[in-house]
Amino acid sequence: MSVPLILTLLAGAATFIGAFLAVLGQKPSNRVLAFSLGFAAGIMLLISLMEMLPAALAVEGMSPVLGYGMFIIGLLGYFGLDRMLPHAHPQDLMQKTQQPLPKSIRRTAILLTLGISLHNFPEGIATFVTASSNLELGMGIALAVALHNIPEGLAVAGPVYAATGSKRTAIFWAGISGMAEILGGVLAWLILGSLISPVVMAAVMAAVAGIMVALSVDELMPLAKEIDPNNNPSYGVLCGMSVMGLSLVVLQTAGIG
């Protein structure tokens, strides 16, 4: 099994961490969850704009028109899908003030899981594509995706467990959304594994960079603000950028990057 695929599997499996935290009663504070989402957004923004897009444009045979065009396609494609898909978020369950009936919350969990899964599918592709092109950047994306998945698993599993009393059911529904990312990575492995053209890989990477920027701005940062309205998610974003930037410098200085 390839290292990029393993990173994708680990990132998707992070959903189970949130699910287990929910059923074990060790729920992190909203402040921690919001900071982790901002941190993840910072990692994605820095890698996408400072590493992935420039690396794609630097590939021999890649024209600026194609590179920036694919980046814009990634941006617009994400926003288009985001408007078309069921727009359910983890806070839809986290903010419930009344105890719903198990049947009602089960239906809500299904819709929420469907929405999250459809949104998470491109993240699996992004993790695999990035790691295939540059393992160092792929590790950063995998970390950001994993941080994003923990609150999602927590938000889905917690209310389901409270309503049904079944840890297995709660973990099951939370795990489905993580499996969507794993599926995305597997499909990318099967499809892109046979494409050897550097230009094709660079074009895909530019589009993925656009997707990650849109995800950070449209999903992670607003969600962080909703979970913890009293704190500015920009602090998490700046910390994520700083930590990722320093780690890239260290790795490149050591000759790893």
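Glycine residues also receive a Cβ, built from the backbone N, Cα and C atoms like all the rest.
Note that the coordinates shown come from a computational prediction; the quantities given were computed from them, not determined experimentally.
Going through Glu123, Glu136 against Swiss-Prot, the one listed in the Zn(2+) site together with His148, Glu152 turns out to be Glu123.
Look at the Cβ of each of the binding-site residues Glu123, Glu152, Glu181 and count the other Cβ atoms within 10 Å; the largest number goes with Glu181. Across 5-25, 61-81, 236-256, stretch 5-25 shows the highest tally of CB pairs under 8 A with the transmembrane segment (137-157).
For the transmembrane segment (236-256), the neighbouring stretch richest in Cβ pairs under 8 Å, chosen from 32-52, 61-81, 203-223, is 32-52. Around the Cβ of Asn149 (Fe(2+) binding site), a 10 Å sphere holds 27 further Cβ atoms from the protein chains shown. For the transmembrane segment (203-223), the list of distant contacts is 37-38, 40-42, 44-45, 47-49, 52-53, 55-57, 62, 66-68, 70-79, 82, 89-91, 119, 122-123, 125-126, 129-130, 133, 141, 148, 192, 233, 237: same-chain residues at least six beyond its ends, Cβ to Cβ under 8 Å. The distance from the Cα of His148 (Zn(2+) binding site) to the Cα of Glu123 (Fe(2+) binding site) comes to 10 Å.
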